[in-house]
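What follows is a short report on a single structure.
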Amino acid sequence: MKLSSACAIALLAAQAAGASIKHRINGFTLTEHSDPAKRELLQKYVTWDDKSLFINGERIMIFSGEFHPFRLPVKELQLDIFQKVKALGFNCVSFYVDWALVEGKPGEYRADGIFDLEPFFDAASEAGIYLLARPGPYINAESSGGGFPGWLQRVNGTLRSSDKAYLDATDNYVSHVAATIAKYQITNGGPIILYQPENEYTSGCCGVEFPDPVYMQYVEDQARNAGVVIPLINNDASASGNNAPGTGKGAVDIYGHDSYPLGFDCANPTVWPSGDLPTNFRTLHLEQSPTTPYAIVEFQGGSYDPWGGPGFAACSELLNNEFERVFYKNDFSFQIAIMNLYMIFGGTNWGNLGYPNGYTSYDYGSAVTESRNITREKYSELKLLGNFAKVSPGYLTASPGNLTTSGYADTTDLTVTPLLGNSTGSFFVVRHSDYSSEESTSYKLRLPTSAGSVTIPQLGGTLTLNGRDSKIHVTDYNVSGTNIIYSTAEVFTWKKFADGKVLVLYGGAGEHHELAISTKSNVTVIEGSESGISSKQTSSSVVVGWDVSTTRRIIQVGDLKILLLDRNSAYNYWVPQLATDGTSPGFSTPEKVASSIIVKAGYLVRTAYLKGSGLYLTADFNATTSVEVIGVPSTAKNLFINGDKTSHTVDKNGIWSATVDYNAPDISLPSLKDLDWKYVDTLPEIQSSYDDSLWPAADLKQTKNTLRSLTTPTSLYSSDYGFHTGYLLYRGHFTATGNESTFAIDTQGGSAFGSSVWLNGTYLGSWTGLYANSDYNATYNLPQLQAGKTYVITVVIDNMGLEENWTVGEDLMKTPRGILNFLLAGRPSSAISWKLTGNLGGEDYEDKVRGPLNEGGLYAERQGFHQPEPPSQNWKSSSPLEGLSEAGIGFYSASFDLDLPKGWDVPLFLNIGNSTTPSPYRVQVYVNGYQYAKYISNIGPQTSFPVPEGILNYRGTNWLAVTLWALDSAGGKLESLELSYTTPVLTALGEVESVDQPKYKKRKGAY
């Protein structure tokens, strides 16, 4: 907001005195801070009181969804997600930055190409989405190491603490990433409005000071020193009050916390356990941070799923549209003002970036699927709530009351929480007292209104709350000067147009609803049947009752048109902001929100703008669709949909109507089994002629890992030697005495890892993996060895990613990968000298384009054969569907062409066949050099792997590379490998440019 000069002088005086002050403007209390940079920012751009944020002086609710750019590395598709978030009625996206991807080598920060954040920020601005930046340095995020690069395993200090070694290690990363964020702050015309230092800094143990104000202040100062001046917000993992304003050093500007109340039991998606619905968040907020707006920086939008889990379809069922209605509206009962859903779009754990407990997909059961589809009902349900919040500013200034089972509803089976407004309307959140109830409950309400206390319905009948449902009833709700005394039907949106006002209400199937309006005007049904609609005129109001119908009815009361919809019909409505200068909708300011039009258009409406006499809509279609536009400006004469002039009609109510035909294109995909597959053995290490002289020697007599002491003569921890990702290989040399009978080995790779062991060329056995096992002790019988002869033990270990570091003091991120211990029977451990390798170069990784985690330590990966156009001319012809006849690891490469039609968004999937009794094998699939599938046949669950356009060349040549690791003496093979697609979407997204896909080039020093 703009301050008067007198107010500004007072603030400057307070600044000079080094004091923070409070001032009141338009009835709201704002806090100004003594820090000059912060104070200057807050008085102009982002301020707050105890109710909400203000952006440029305008009160706003932040409704946000989490989206990680590193999990969708195609820039044009990032814009797609932003536009789908904007279409929900949301105004913000929260994002993490994964440190491990941009500083793979200490001191070398690389944020270019697919890791460049600036196109992500530009796309947010184009879509009109604010950003909450969360760069860590620790992020958790179900990412390898919680976002920590593997080399932190060597830091001589406690991670996430004020130990100097750790703080020094973070400086390079934070100084760079925070400077980039600072460049794109709202103060510089960018979209970033909030900055979160650290992440879920909530739990400590093991004698470490916690919470450590010195540490938290250091992280905050890192951001400030890099130029970050926007407010700092935190996300306590629970509502514990850590680092809340007023707690001293390390306090943030705005306190926030996380909540995942329904948990992560996707195996039982219909079970809502007793007591899981939060009821005390408002009370805790008033105790912990009463001067800041109530913020939940991560509220449950889905669930993770582990190796061997039920799959994300089950997670989306657990956290479905019913969950949203009950839990999100419950959050509204606490007057939440900053609400971020984790996740809104999950994406993909491509290239080994995930943590060990999760698989390639990070779909998360979120509203937008991993393949960017929005057909989950939870997306549409979320759109109803997002648009309601967008047009209900009175919600932010109402006063929340206590939940009650008496006083409002006539049954104790229902609980009502009031948010009472003075002149800005009141809101009543109604739910079942047993929140998990699947019963339908009939009820009447008695609500305080400007017309007195009213028992509703007045015209007879009862209201109904169906099972696992919740409603927000409004009273004295302002529709641009028209007072809605009450409405039991829920508000989707309302708008004031040049020729009148429009209010859109909806209800569930079979429900009866009623509203009352302060007016002396009569009720006229101007569209649809009058059947089921009743009304009554009083001296100062009109009351309307109706039964919800699947057929739209429109009633007119004075200059107000009211659309009466059922919920499923409301799902098809969109409220795009109407741009009049350019094509971008802009950010969600009150002026921009007021400019919106209402469009019924099915699958997706991205944008709307005026150009000359044309109204332009950009929209996506997955079926032939009738398009209707409500509130068309009088200057518009022609309709353009996706750039094409489209004939339209105008009905008596001024609604424009048109039809978009959907004619699905012919999609021709290659048969992957019939490609010209070439094969090379990618475990030459078990051949007698193999030379490992170029391998790093595992000869460190001490580890730099402070978590676990060595139990071997030299360190066999991979991160001691710079190997942090993908498959690890070890070769142990010894000279036999002839008395060795067994070899025991303890390997560690994280949940669901596997390992295999050979003696020279003889297969000894494998650990095929279980989700519950992060390490495994195995003992293998040896054949009779010849005294004096040299033998080599070859060990392959699947590094599933590094552990997260959630609890400060445990330092679990330092949990080593590799060999923990071994025993050659009858021999001292020193009898074996070891070498090891992972990805070629380790921290001096070869592929700077695809990043430090994408490739592992297999021979073919070290050579770069997984990249396009490997030197396969003289390789053997063989397919992964033929596979291997014995234990080992094969590498397969083939190319194919795609020629998919432009203007269509066609989700493509790699599908790996799986039987009920598969042989144990592990597969990696590289697409144009990017690892986009990691499959474990005996664990699962994922068999279908989305691969986005831009990674796949939709109109060009593509290269597939498959590594097949058979962990059984009988070998293994893929039962099938197919490319498939789901419903093509006629899209307005535009051209998608392929990411950089460097081809194979002989690597210097590759072994």
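Heads up, the Cβ atoms here are built off N, Cα and C, so glycines get one too.
Per Swiss-Prot, the feature active site, proton donor maps to E200; the stated evidence is a curator's inference. Sequence-distant contacts of E200 (active site, proton donor), defined by Cβ-Cβ distance under 8 angstroms and a gap of at least six in the same chain, are N140, N235, D236, A237, D258, W806.
In this view, E298 (active site, nucleophile) is surrounded by 24 other Cβ atoms within 10 Å of its Cβ, with every protein chain counted. Secondary structure at E298 (active site, nucleophile), taken from DSSP and collapsed to helix, strand or coil, is strand. Swiss-Prot lists E298 with the feature active site, nucleophile, giving experimental evidence as the kind of evidence.
Under a cutoff of 8 A between CB atoms, and with a sequence separation of 6+ in the same chain, the neighbours of Y96 (substrate binding site) are E66, H68, F70, R134, P135, G136, I139, A141, S143, G147, N199. Among the features that Swiss-Prot reports, substrate binding site is placed at Y96, N140, A141, E142, N199, Y364.
For C205-C206 (among others), the entry in Swiss-Prot reads disulfide bond, with the evidence type experimental evidence. Counting every protein chain shown, the Cβ of C206 (disulfide bond) has 11 other Cβ atoms within 10 Å.
Sequence-distant contacts of C266 (disulfide bond), defined by Cβ-Cβ distance under 8 angstroms and a gap of at least six in the same chain, are S303, D305, G309, P310, G311, F312, A314, C315, E317, L318, G365. Taken from Swiss-Prot, the feature disulfide bond covers C266-C315 (among others).
What Swiss-Prot records for N156 (among others) is N-linked glycosylation site. Taking a C-beta cut-off of under 8 angstroms and a sequence separation of 6 or more, N156 (N-linked glycosylation site) has the following same-chain neighbours: A165, K704, T706.
Annotation for N402 (N-linked glycosylation site): spatial neighbours T417, criterion Cβ-Cβ under 8 Å with sequence separation of six or more. What Swiss-Prot records for N402 (among others) is N-linked glycosylation site, and it gives experimental evidence as the kind of evidence.
Sequence-distant contacts of N422 (N-linked glycosylation site), defined by Cβ-Cβ distance under 8 angstroms and a gap of at least six in the same chain, are T397. Taken from Swiss-Prot, the feature N-linked glycosylation site applies to N422 (among others).
Spatially close to N478 (N-linked glycosylation site) yet at least six residues away along the chain are G394, T424, G425, I484, judged by Cβ distances under 8 angstroms. When secondary structure is read from DSSP and collapsed to three states, N478 (N-linked glycosylation site) falls in the strand class. Taken from Swiss-Prot, the feature N-linked glycosylation site covers N478 (among others).
The feature N-linked glycosylation site is assigned by Swiss-Prot to N522 (among others), with experimental evidence given as support. DSSP gives N522 (N-linked glycosylation site) a coil state; it is part of no helix or strand.
Residues or ranges marked as N-linked glycosylation site by Swiss-Prot: N622 (among others). According to its DSSP assignment, N622 (N-linked glycosylation site) is coil.
For N739 (N-linked glycosylation site), the same-chain residues lying six or more positions away in sequence with a CB closer than 8 A to its CB are A825, G826. Swiss-Prot lists N739 (among others) with the feature N-linked glycosylation site.
Taken from Swiss-Prot, the feature N-linked glycosylation site applies to N760 (among others), supported by experimental evidence. There are 16 other Cβ atoms within 10 Å of the Cβ belonging to N760 (N-linked glycosylation site).
Residues annotated as N-linked glycosylation site in Swiss-Prot: N777 (among others). Sequence-distant neighbours of N777 (N-linked glycosylation site): residues of the same chain at least 6 apart with a C-beta under 8 Å from its C-beta are A744, I745, D746. In the three-state DSSP assignment, the secondary structure recorded for N777 (N-linked glycosylation site) is strand.
In the three-state DSSP assignment, the secondary structure recorded for N805 (N-linked glycosylation site) is coil. For N805 (among others), the entry in Swiss-Prot reads N-linked glycosylation site.
Listed in sequence order, the residues of the same chain lying 6 or more apart from N914 (N-linked glycosylation site) and placing their CB within less than 8 Å of its CB are S937, G940, T943, E975. Taken from Swiss-Prot, the feature N-linked glycosylation site applies to N914 (among others), supported by experimental evidence.
Proximity note: of the listed recorded positions (E142, Y364, N522, N622), none has a CA within 10 Å of the CA of C205 (disulfide bond).
A separation of roughly 10 Å, to the nearest angstrom, links the Cα atoms of N805 (N-linked glycosylation site) and E142 (substrate binding site). Comparing E298 (active site, nucleophile) with E142 (substrate binding site), their Cα atoms are 14 Å apart once rounded. Here the CA atom of E142 (substrate binding site) lies 23 Å from the CA atom of C206 (disulfide bond).
Cβ crowding, taken as the number of other Cβ atoms within 10 Å, peaks at N199 among the recorded positions N140, N199, N522, N622, N805.
In this entry, Y96, N140, A141, E142, N199, Y364 make up the residues listed for substrate, with the farthest two CA atoms of the set 19 Å from each other. Contacts of Y364 (substrate binding site) defined by a Cβ separation under 8 A and a same-chain sequence distance of 6+ are given as G301, G302, S303, Y304, F312, C315, M343, G346, in order along the sequence. Residue pair N522 (N-linked glycosylation site) / N622 (N-linked glycosylation site) shows a Cα separation of 41 Å.
Long-range neighbours of E142 (substrate binding site) (same chain, six or more residues apart, CB within less than 8 Å of its CB): Y304, N349, G354, Y355, N357, G358, Y362, E804. The recorded positions examined here are A141, C205, C315; by Cβ neighbour count within 10 Å, the least packed of them is C205. When the Cα atoms are compared, N760 (N-linked glycosylation site) and N622 (N-linked glycosylation site) turn out to be 57 Å apart.
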